[in-house]
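*Asks:* Below, the features straight out of TrEMBL:
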- 5-69: domain 'DUF1899' (DOMAIN)
- 78-120: repeat 'WD' (REPEAT)
- 128-170: repeat 'WD' (REPEAT)
- 171-212: repeat 'WD' (REPEAT)
- 444-471: coiled coil (COILED)
């Protein structure tokens, strides 16, 4: 799309990406080598969290944003999971609460102490067991406090009410692994992409599929709601294996409004949408480029603006919430780029060039803030409410005073919609069977090595005993 000539007027036409200086980056971090298609990074106005490479379980770092520079190898970690951590997300309303999910089939909620970690944290404030396979995705509800969504390799999406520490709803309409979840502005609709090549728009409280698209020509990977425009954007692969995007009407998924090819590279395309500026960012996994576009209400709908280029490939990207941006520098978006080869996290600021140093109201409209619009009971009863907005003007920001209340919960049977989730296990996939086979082979080899060592030790003891009996002192 970058070949299209730019004759249209836009205040964001000259937006450029600025990489932070080395002393403002985070260096020396053993970023995970897991090939799962997630960002492995989450950021808010206070902390940066990164999934790290570790042995014997899963762990991730939580670093205060002001603590830039080189991170010591023995820096404290969160290491309570028994399997690799696959996704992490900060609570949008309580800045020291983070959710994580793992290959150990659990979702855990962690409370970060003031000032960050002083020692390794192994005890979560809440452990959630409901999936019987590994859990690949977690998402917080955008307007309701303490409502968390998790998607597992058992093809189910569970809705957790953290006030009681239990799953309260189950979405069971998928026939394969769920790849991505995205909410509309008020959280009344959930869009999902699935490995069965289908895009779905679901009413989350009832689990009813409102719209469904079988994407044969456009194999969808990622989906994002475009704010309140009642449109969806997906990234995927065409029938010729080129990367492409497609724009959809959320009320009619029979055909995409547009399909546009991006390039012929093979890495996954991550979409990010800024509803305040109507800008769309596309970042490719494995390459260093970030393209950005402006979304319009009329054709051609998607207009190319510019491209940020970097030689360092990105494994994933964290995104700073709007209230954490530097408005004095006209910063409209900020990425935290994971550079695995260097063990480096680079902040990349997207800046609108302006000469004036005063607050620019045209690029900073009222934006969703840090206060929830609904309680869990209100949302579960059927209420919908737009997010509570805040101004980014200096002196207008308000920090949330919510406190997470811990709930004690034991691992037991989990019944939702009359079904015990831990008993109803779907058939295993070929990859899972192969993984189990190789683990069993490794265990057999380990046991054989132990037996061999024991046999050698027994023979040594027998030889020593024989020599003792032959010695003159014993005679």
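Cβ from N, Cα, C; glycine included.
For the listed features, I'd like the structural context: burial, neighbours, distances.
*Replies:* Panel annotation: around the repeat 'WD' (78-120), residues 32, 34, 36, 38, 40-47, 49, 51, 54, 57-64, 67, 126-140, 142, 145, 148, 150, 152, 160, 162, 321, 370-372, 399-400, 402-404, 406 of the same chain, lying at least six beyond its termini, place a Cβ under 8 Å from a Cβ of the stretch.
A Cβ distance under 8 Å defines the sequence-distant neighbours of the repeat 'WD' (171-212), meaning residues of its chain 6+ beyond its ends; these are 37, 136-137, 139, 141-144, 149, 151, 153, 155-159, 219-225, 227-228, 232, 234, 248, 250-253, 275, 373, 379-380, 382, 384-387, 417.
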*Asks:* Restricting to the same chain and to residues at least six past its boundaries, which positions have a Cβ under 8 Å from a Cβ of the coiled coil (444-471)?
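*Replies:* For the coiled coil (444-471), the list is empty: none.
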*Asks:* Quick one: DSSP breakdown of the repeat 'WD' (171-212) into helix, strand and coil?
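*Replies:* With helix first, then strand, then coil, the repeat 'WD' (171-212) has 0 helix, 23 strand, 19 coil.
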